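Annotation source TrEMBL lists compositional bias 'Basic and acidic residues' at 7-26. For 364-381, the entry in TrEMBL reads compositional bias 'Acidic residues'. As annotated by TrEMBL, region 'Disordered' applies to 1-26, 357-381. Taken from TrEMBL, the feature repeat 'WD' applies to 117-157, 158-199, 292-326.
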Amino acid sequence: QSGGGSEEPRSQEGAEEKEPKLRDTPEDISFEASANTIAFHPSRDVIAAGDVDGDVYLYSYSCLEGGNQELWSSGHHLKSCREVSFSHDGQKLFTVSKDKSIHILSVEEGRLVTRVPKAHSSALNSLLVIDEHLFATGDDNGMLKVWDLRKGTAFMEMQQHEEYISGMAIDENKKLLLTTSGDGTMGVFNLKRHRFELQSESQNGDLTSIALMKRGKKVACGSSDGTIYLFNWNGFGATSDRFAVKAESIDCMVPVTENVLCTGSIDGVIRAVNILPNRVIGSVGQHLGEPIEQLAKSHTGQLLASCGHDQKVKFWDISSLSSIVVDDYRKRKKGGQLKALSRKAFGGGDDFFADLREEIEAPKEEEEEKEKEDSDESDSD
């Protein structure tokens with residue numbers, strides 16, 4: 001399938017005015033219900049989304065005006081679809097739902113290939129595709145299951161968390177599976193030995209998301225209290241560093257480079273954050289005043305997509321983030337406005353929300369306090 005809208009006009013007359021406009025990013029995709037989850041195809045310009053009604057959509061996207069096309073939609077889930085993820089070869093789409101079921105759909109036509117109806121005894125919340133045979137699921141009660149498609153069953157079932165499992169990550173060797181939970185802890189599970197290894201000490205808020213950074217040497221966890229907690233690889237018991245972002249919460253994160261990740265928050269702002277030195281670089285974009293549910297990075301690494309409570313999937317150009325180098329010496333500018341990192345972000349070239357900027361400015365007294373601290377503040381590695 002073509003990326004939509006890529007065909008040349010047949011006749012040359014009138015081709016000038018028909019030529020679709022090229023944009024920086026694809027247009028927003030609007031849904032009838034709020035999308036909880038999005039995932040980019042590993043090799044094609046295709047994005048999947050799952051919504052609160054349990055419907056799953058597949059779209060091709062393009063930077064040509066009018067270039068996005070719905071390829072298919074599937075309404076198999078009875079309740080909210082909580083997470084979607086492509087298989088590594090891009091031929092299957094895994095979905096998990098509040099209805100406790102796991103579905104595997106064919107990407108070509110959206111056909112239901114495999115269905116596990118009562119996969120867990122609680123609503124499913126998170127999903128991680130590990131390799132061509134294995135995937136993991138986590139539920140609202142803290143139960144983790146690891147499945148083998150060849151056997152059609154789970155070979156690991158462990159309930160170490162007391163609250164919902166919010167996110168999962170795995171190392172390159174596919175040996176250690178890390179989980180974040182609403183109970184404020186990170187769990188470490190050994191896939192090779194089929195056993196639970198350890199649980200981190202409990203942090204203040206719910207842990208909401210997880211990303212491996214610095215070539216797997218650091219683990220970053222987002223939290224509902226707006227703090228990023230950092231762990232050293234193999235130092236999973238206690239945090240090595242913590243970093244409070246000026247956001248009410250960090251609800252989702254996606255690594256963009258080895259040092260930079262993007263966070264989505266309840267305030268609707270997508271921030272780019274550098275890890276060690278810990279610094280908010282600026283804003284990539286925003287869903288105006290609407291909480292962001294999930295972020296995803298495209299297979300080319302040029303685009304970030306976000307879905308929020310405004311029932312839209314939006315695309316952001318993040319190509320500039322790969323060249324950003326953050327200096328170790330903290331240079332904090334006066335005035336709390338986030339620097340715009342894309343043309344569509346507040347303060348960017350297309351910014352006509354100038355009067356709304358106040359919302360994302362830091363409260364003044366916080367600024368004064370920070371300036372006092374500045375002289376003696378340093379980042380610990």
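The backbone N, Cα and C atoms fix where each Cβ goes, and this holds for glycine too.
TrEMBL labels come from automatic prediction, so no person has curated them.
On the 0 to 100 pLDDT scale, the model's mean across the repeat 'WD' (117-157) is 97. Residues of the same chain lying 6 or more positions beyond the ends of the repeat 'WD' (292-326) and with a Cβ under 8 Å from any Cβ of it are 24-45, 47, 49, 61, 251-257, 259-260, 262-266, 268, 270, 272, 274, 277, 279, 281, 284-285, 341-345. Counted with DSSP, the repeat 'WD' (158-199) comes out as 0 helix, 24 strand, 18 coil. Per DSSP, the repeat 'WD' (292-326) is made up of 5 helix, 18 strand, 12 coil.
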